[in-house]
Amino acid sequence: KKRIAGVRPPAFLQLDLSEATMGPVNSRGHKAEAQVVMMGLDSAGKTTILYKLKGNPLVETLPTVGFNVEPLEAPGHVSLILWDIGGQTQLRATWKDYLEGTNILVYVLDSTDEARLPEAVAELNEVLEDPNMAGVPFLVLANKQEAPDALPLLEIRDRLGLERFQDNCWELRACSALTGQGLQEALQSLLHLLRSC
């Protein structure tokens, strides 16, 4: 259940997700709903990713104070509610307030900010140790991979030490919020984690 993914998922991952962990679609055709919480340090690219997934090709953002919340209709009768939580230092104390009822965590890293990687790892560890995260799958997005100074995915994996999270299903994906590269694959990974964990 733990893997690094950098290529498009096979076709079987794009099957109907109506029996996902959120429960079946009822006979009236209502969609299952999943709460997706996006966290990461400030300037990691969370808000840009959120709005690119929503189909907005040109996104200019300001630092998020508090949160942004947006619905996203996903394939397979799944309605995602995406919570983009501000990552400034003073806001991180409130992160735990968003974890109850979370179906999946998306943690966004700035692959070019090697100096702050230990801080990003410490914050991820704190989130994953919260009792509300027991058994909750998570997806780590190594953003800004288009930059020449971006850390390689394998190095990020090693520094995060993700293997120690035995009680959570997880995936690590490379992406670029700027170019959009890897974002659809990240969405497929998110849906796969919801379906299989």
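Cβ coordinates are placed from backbone N, Cα and C, and glycine is handled just like the others.
TrEMBL labels come from automatic prediction, so no person has curated them.
Among the features that TrEMBL reports, GTP binding site is placed at Gly40, Leu41, Asp42, Ser43, Ala44, Gly45, Lys46, Thr47, Gly87, Asn143, Lys144, Gln145, Glu146. Positions annotated as Mg(2+) binding site by TrEMBL: Thr47, Thr64.
A map of TrEMBL features onto the structure.
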residue: Gly40; record: GTP binding site; DSSP class: coil
residue: Lys46; record: GTP binding site; DSSP class: helix
residue: Thr64; record: Mg(2+) binding site; DSSP class: coil
residue: Gly87; record: GTP binding site; DSSP class: coil
residue: Lys144; record: GTP binding site; DSSP class: coil
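Of all the binding-site residues listed here (Thr47, Thr64), it is Thr64 whose C-beta has the fewest other C-beta atoms within 10 angstroms. Around Glu146 (GTP binding site), the C-beta neighbours below 8 angstroms that are at least 6 residues distant in the chain are Ser176, Leu178, Thr179, Gln181. The maximum pairwise C-alpha distance among Gly40, Leu41, Asp42, Ser43, Ala44, Gly45, Lys46, Thr47, Gly87, Asn143, Lys144, Gln145, Glu146, the residues recorded as binding GTP, is 22 Å.
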